[in-house]
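As written in TrEMBL, here are the features:
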- Ser210: active site, charge relay system (ACT_SITE)
- Asp254: active site, charge relay system (ACT_SITE)
- His288: active site, charge relay system (ACT_SITE)
Amino acid sequence: MCRVTNHQTRLPRATSSLALNAFRDGGYIRLLSSCNFSMSQVLECFIFRFNLLLFPLTVKTMALKQVSSNKCFEGFQKVFEHDSTELKCKMKFGIYLPPKAETGKCPVLYWLSGLTCTEQNFITKAGFQQAAAEHGLIVVAPDTSPRGCNIEGEDESWDFGTGAGFYVDATEEPWKTNYRMYSYVRDELPKLINANFPTDPERMSVFGHSMGGHGALILALKNPGKYKAYDATQLVKSYPDSHLDILIDQGKEDQFLSAGQLLPDNFIAACTERKIPVVFRLQQGYDHSYFFIATFINDHIKHHAKFLNA
């Protein structure tokens, strides 16, 4: 558990791997990307206050119900259910525990999935477990929204409501009581994971795809209480330093790219303006599917491990 003293606390190196889900105001990026940054100075660490400085000094172990457990690459892929205080409903998350977790604490990598997904999509389709086992990383994949809240209209559209929490906190009725995915992923879930599993809370990172990419970006770039925007391109324009190492993979045959819904050039331009290094890899023949994710997921796991295990 990270001990909080004051705002001058020095933090270790950390990393953030991101699958981008929007490069425009109010939109979302649909890319697979990764970035990392040094967190040895206060100016640099404000971005990651959400997972290193906001935990209480003591944590009460919360009740978890194991839904499934499967041995995988000498570790275990598990799914748990719990009662969420932020979302006021039961939530599930997948967690991969590498072999190293049996003997010591491990870094934690959080994956945020896209629209319509549950905790199952990533853990059954991406094929990340072998790389996570090799690098000793715990990987957590939560559901994408509250479920069963009985809010009128929450099941009427594939891109709004159930399965579409967008990793933000709703501000209007009737959504604001349950749809608090930003606070859930930023605060409640890491606290729960650190209280129940052999994690090193000072070594954490976040990545995702599609809607989850934008969620990962805003979690990494948005200092709570400082920025009002949720758009990643606008947030990176306000990022106060250049200590980021961003890797982006984009499928050239992504249907959302060809439809003009994705504007990666905007994000790249914003990074260039702030002198933030970014590697953009346009992958010939690949689309927006999990076949694309599975092809390049090992690159992103390795990208995290390079910094988390430094």
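Using N, Cα and C of the backbone, Cβ positions are placed for all residues, glycine too.
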Inter-residue C-alpha distance, Ser210 (active site, charge relay system) and Asp254 (active site, charge relay system) (nearest angstrom): 11
Rounded Cα-Cα span from Asp254 (active site, charge relay system) to His288 (active site, charge relay system), Å: 5
Asp254 (active site, charge relay system) CB neighbourhood, other CB atoms within 10 A: 21
Packing count at Ser210 (active site, charge relay system) (other Cβ atoms within 10 Å of its Cβ): 27
Neighbour tally for His288 (active site, charge relay system), based on other Cβ positions within 10 Å of its Cβ: 21
